[in-house]
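Just below is one structure, and these are the notes that go with it.
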Amino acid sequence: MHHHTEFCAHSRHSSSDEPWTATTNASTIKEMPYTPKVSFDTFENPLASMFSFTLQVKSAGYKRTRNTRVYLCAASPDESGVEALDWCLESLVQDGDEVIIFRGVDEEVLEKDHDILREDAREFMKVIQAKSAEADPDRKLSLILEYIPGKITDTIDRLIALYRPDSLVVGTRGKRGLMAMSMGLGGIGSVSKYCLSHSPVPVIVVRPERKAKKEAEKRKADPKRGTHFD
């Protein structure tokens, strides 16, 4: 756990304990009793082993037990990362679990105003909370957001060593997946392929066809939909 001490103990920022309200797709999600915890920030520390901005919230009454499962989800800002996060929160996570969401960003962003990066992270955490509330408003979870610039695969390796998750959830881009398939790589992208080859924990790859299937099922269930296409 040496890495944990090295990049988490430099600078701490306490968040307000006020409940939060988030909106998504123009629909208001009811206020959830999440409690913000201490966040860690090494954006300004040149001696830090890994630049990072960490946010954590816990449901009111959340308690870690021997049955708590820990999941690391690589949630890139593209469609593949959105799909991985959605599936993780909708179909995998259960009451009492902990989810570490990793959002990797290019190292060039460190040249920008770091306050903008921190605000982006806070807004993304609100989105995560809203998605979790939509999936199941009653379950109690621990949610951790790791907002880290740098090489994606290196960061995933370090986060696995830090958190020791039970499973790693990654998405795969459609275009890269098709290219990989034509090369005999099983239809997955470079990051997911790396994780399958190097991860010491089980890897769950969320494929892009999940979204198409989900939308097709939603259209089919629409009472206003005609039956002439069946």
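Glycine residues also receive a Cβ, built from the backbone N, Cα and C atoms like all the rest.
Listed in TrEMBL:
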- 73-207: domain 'UspA' (DOMAIN)
- 1-22: region 'Disordered' (REGION)
- 208-230: region 'Disordered' (REGION)
Secondary structure tally of the domain 'UspA' (73-207) (DSSP, helix then strand then coil): 71 helix, 27 strand, 37 coil
Predicted model, mean pLDDT over the domain 'UspA' (73-207): 86
